[in-house]
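Only one structure is covered here, and it is reproduced in the block below.
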Amino acid sequence: SKREIRMRKLDSTKVRPLKSEQLLRIEDHDFALRPGFGGSPIPVGIDVQVESIDSISEVDMDFTMTLYLRHYWKDERLSFRSNKNKSMTFDGRLIKKIWVPDVFFVRSKRSFIHDTTVENVMLRVYPDGNVLFSLRITVSAMCFMDFSRFPLDTQNCSLELESYAYNEDDLMLYWKHGNKSLSTDEHISLSQFFIEEFSASSGLAFYSSTGWYNRLFINFALRRHIFFFVLQSYFPAMLMVMLSWVSFWIDRRAVPARVSLGITTVLTMSTIMTGVSASMPQVSYIKAVDVYLWISFLFVFLSVIEYAAVNYLTTIEERKQLKKRGKASGMYSIDAVQAMAFDGCFHDTDVDMDLTGFSDRCEENDARAGAASVSNVDTPRIKRKRSLKGNVGRIILQNNHVIDTYSRIIFPSVYIVFNFFYWGLYI
């Protein structure tokens, strides 16, 4: 009756289907079931366009990628008759009312669909029932990295796609256009890596409780930029090793100069090694950069040990010479090293070091500021100091220990050989 029709129009609890839903006859079908339920598995084609690789994290061993994920399948329940439209395009509001593949990212940590200004979802339906379903997604997934060759390494990562609920008996995932199904933006670049290749592959995954599933792989290889690490780690380490060799040309009796140089280079190498380790995951194996830095640290450390040996052997040698000359007896039995510590002057076996001369020099140093007449007594020693200053190079060469002489050749030669084998092995 007219009254019943009027009451139906006024009933706000019932929502009339949209015109597009009427055209697709959504209300006439149960979309909780997959297309062709009970028959052969439904093929779902996939293609991917990678928009950007946002970050690569060595510490977390993951990568973040933004991509366009497109699904292709046929659902005859969505077919419609149309003489004007070749297809119908919808946004995300229709997705909840029809069946769509439940593809997820294996070993993903975080992922989301972009929603600015609206949710980035597109559904396109063709008259024959073919469907295109497109999403814009950012996903962070694990990448099992091997740092044994870091920073001269190449990392192979992959993003894996798989159906969560439907195994191979219900759904067959495949690349829509084969190897051409994966495309990338030409302007993709990373701060620390070269992107060597992108490739698509497929396989099967088995779960003991649910069976076999089709799995698709987005593979990409990343080769690390070496120049940054050369400037930050390798080059400073080389400089510290070469700086430690300077002590081989310093007089063996200049204890403060050689010791301070050795300690400074050791501490600097420790700082470099700590800085590199702080930016890396705490792995249980040795990395290539660890090999180089520890060998460089060993060279610096051996330079300090070399001077300890030189100083010790020099002391023994001078004591033997003093005993031979009979100058190690008396109430002022001091050796050349002790004399240098007392009066601040350089002493060698060629320099007269009798006790009377040492006593006279100490008295002259005390009375120099008070009496001008003492300066005439000090004239021979001043001449001797001037002659020493004029022949510094000759004196240093004569007073270097034989260990210093060999070290000047052995240390650089061995370090050059080590660098040759290191870079030849890892590059």
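The chain as shown is numbered from 1 upward.
Every residue gets a Cβ built from N, Cα and C, even glycine.
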For the feature transmembrane segment as recorded in TrEMBL, pick the matching range from 133-153, 259-279, 322-342.
259-279
By Cβ distance under 8 Å, which residues at least 6 away from the ends of the transmembrane segment (226-247) in the same chain are close to it?
151-152, 192, 257-258, 261-262, 265, 268-269, 272, 275-276, 289, 292-293, 296, 299-300, 303-304, 306-307, 407-408, 411-412, 415
Spatial neighbours of the transmembrane segment (291-310) not adjacent in sequence (6+ beyond its ends, CB under 8 Å) are 233-234, 237-238, 240-241, 244-245, 247-248, 252, 258-259, 262-263, 265-266, 269-270, 272-273, 276, 401, 403-404, 407, 411, 414-415, 418, 422
